[in-house]
Amino acid sequence: MIVKHGMNYLSVLNSARNHKLAPPLAVLRRQQFLIRVLGVRGENIMQESKFEADADNILRAITPVFDPNRHKGQAGKVAVIGGCREYTGAPYFAAISALKIGADLSHVFCTKDAAPVIKSYSPELIVHPVLEESYSVGDRDKDHISRRVVAEVDKWMEGFDCLVVGPGLGRDPFLLCIGMAVRKLCRSMQMVRSSHENNLFAVLLWNTVASYDCVSEIIKQARQASIPIIIDGDGLFHVTDNLGLVSGYPLAILTPNVNEYKRLVQKVLNCEVNDQDAHGQLLSLAKQIGGVTILRKGMSDLISDGEIVKSVSNYGSPRRCGGQGDILSGSVAVFLSWARQLILANEGNLIISPTNPTMLGCIAGSALLRKAASLAFEDRKRSTLTTDIIECLGRSLEDICPAC
C-alpha cells in the first residue's frame with residue numbers, strides 16, 4: 001500500500017515538474033529511497049504479525065490467583081545450577097528473578113567459592129555449595145567427588161518444578177572447548193599413568209571436565225524425573241557439544257543469544273544463520289534436536305518447539321547491560337512451572353494458544369522481561385542495570401495481571 005501510494009505521489013511530482021513546481025532532484029531521490037525502505041519495512045511488519053504471540057493474555061491465563069488454601073512451594077520451586085569464582089551475579093539474577101515474579105522457593109547449586117558471595121546478595125535464596133572446580137579436584141578423588149555432587153543435587157531433585165542450568169557456570173577458555181573430545185582422546189590413547197608427563201597431562205585434562213561431567217549427570221537425572229530444564233549461558237556451550245543430553249526431551253528449553261545461536265545452527269544444521277528465513281530455520285533447528293523448545297533472543301525473540309514459531313516483539317530497552325539473559329531464564333522457569341500446573345489442573349483443555357507449556361513459559365518470560373526493562377529504562381536511562389530491571393518485574397506483572 002505504501003509503495004502504491006508512493007508511486008502515485010511520484011506521478012504527482014512528475015506532473016508538478018512539468019509546471020515547474022518540482023523540488024530539487026536530491027530531495028526526489030531521498031523521497032524515493034524512503035518509499036522503498038518503508039515499503040519493505042511494511043512487508044516485514046506484516047510478516048512478523050503472523051507469528052506474534054498474544055503475550056498479555058498468556059500471562060493472564062497462566063499466572064495463578066492467590067489462594068489462602070495453598071501452602072509454601074505450590075507456587076513454584078526453582079533450582080539454578082551455576083555460579084563459580086568468576087561469576088556470582090548470573091545465578092543470583094536468575095534465582096532472585098524467579099522469586100520476584102512469584103515462585104515460593106529458589107535454590108542455587110554453586111561452587112564452594114561462590115556460595116558465600118551469593119548468600120550475601122540475599123537471604124531469600126537457598127544456596128548449596130556443592131559444585132567443584134577442576135583446580136580443587138585431585139585425580140584420585142575425581143570419581144568420588146563427581147558422584148557426591150550428583151547425589152547431593154539428586155536428593156533435592158524430586159521437589160523442583162524446574163531446573164535452570166548454566167548461569168555463571170563458567171568454562172575454561174582453552175581446555176573446556178575440547179572437553180568431551182579430550183575425554184575420548186584420553187581413552188583412545190590409553191595414556192600410561194606411570195609416565196610423569198602423560199600423568200600430568202591426563203590429570204589436567206580429566207579434571208578440567210570434572211564439573212561438566214557432574215552437570216551432564218544432573219541433566220540426565222532431571223530428565224529421568226521429567227523435570228523441565230532450561231539451558232542458558234555456559235550450559236549452552238556445554239550442551240551444544242553434547243546434544244544427546246537434551247535431544248528428544250520436550251521439556252527442555254534452550255535460550256541462545258546471537259553467538260550461541262550461530263554456534264548451534266552451525267553444529268546442528270551445518271550452515272550459517274539465515275535471517276531472511278529466521279522463522280523457518282528456527283523451526284527446522286528445534287525439530288532437528290528432537291522437539292526441544294528454542295528461545296532465540298534478539299530484537300524480536302523467536303520461539304519454536306519444532307511444531308510452530310511464535311515471536312515476542314514488544315519494545316524493551318535499548319540498554320544492553322549484562323545479566324538480562326539470566327533474568328529471562330529465571331522468569332521462564334517460573335512461568336513454565338505455572339503453565340504445567342494449569343495444564344494438569346485443566347487436563348489439557350486450555351482456551352489459550354499455544355498449549356505446549358514450554359512455549360507458554362518462553363512467551364510469558366520474554367514479554368515480562370521486555371516490559372520490566374522498558375520501565376527500568378524510563379527511570380534510569382543510561383544508568384539502567386540488571387538489578388533495576390529485576391525491581392520492575394513485580395510491577396510489570398501487576399500491570400498486566402493484578403494480584404487483587
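Cβ atoms here come from the backbone N, Cα and C positions, even for glycine.
Per TrEMBL, the features are:
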- Gly168, Asn257, Val258, Asn259, Glu260, Tyr261, Lys262, Arg263, Asp326: (6S)-NADPHX binding site (BINDING)
- 297-301, 316-325: ATP binding site (BINDING)
- 55-400: domain 'YjeF C-terminal' (DOMAIN)
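Considering only the binding-site residues Gly168, Val258, Lys262, Asp326, the residues lying within 10 A of Lys297 (ATP binding site) on a C-alpha to C-alpha basis are Val258. In this structure the alpha carbons, written CA, of Asp301 (ATP binding site) and Lys262 ((6S)-NADPHX binding site) are 15 Å apart.
Maximum intra-site Cα distance, (6S)-NADPHX binding residues Gly168, Asn257, Val258, Asn259, Glu260, Tyr261, Lys262, Arg263, Asp326: 21 Å. Taken together, the residues in the domain 'YjeF C-terminal' (55-400) have a mean pLDDT of 88 on the 0 to 100 scale. With respect to their backbone Cα atoms, Cys321 (ATP binding site) and Gly168 ((6S)-NADPHX binding site) stand 16 Å from each other. Neighbour counts of Cβ atoms within 10 Å were compared across the binding-site residues Glu260, Asp301, Asp326; the minimum falls on Glu260. Cα distances from Glu260 ((6S)-NADPHX binding site) to the binding-site residues Met299, Ser317, Gly325 are smallest for Gly325. Taking a C-beta cut-off of under 8 angstroms and a sequence separation of 6 or more, Arg319 (ATP binding site) has the following same-chain neighbours: Ala373, Phe377, Arg380, Lys381, Arg382, Thr384. Using a 10 Å Cβ-Cβ cutoff, Gly168 ((6S)-NADPHX binding site) registers 29 neighbours.
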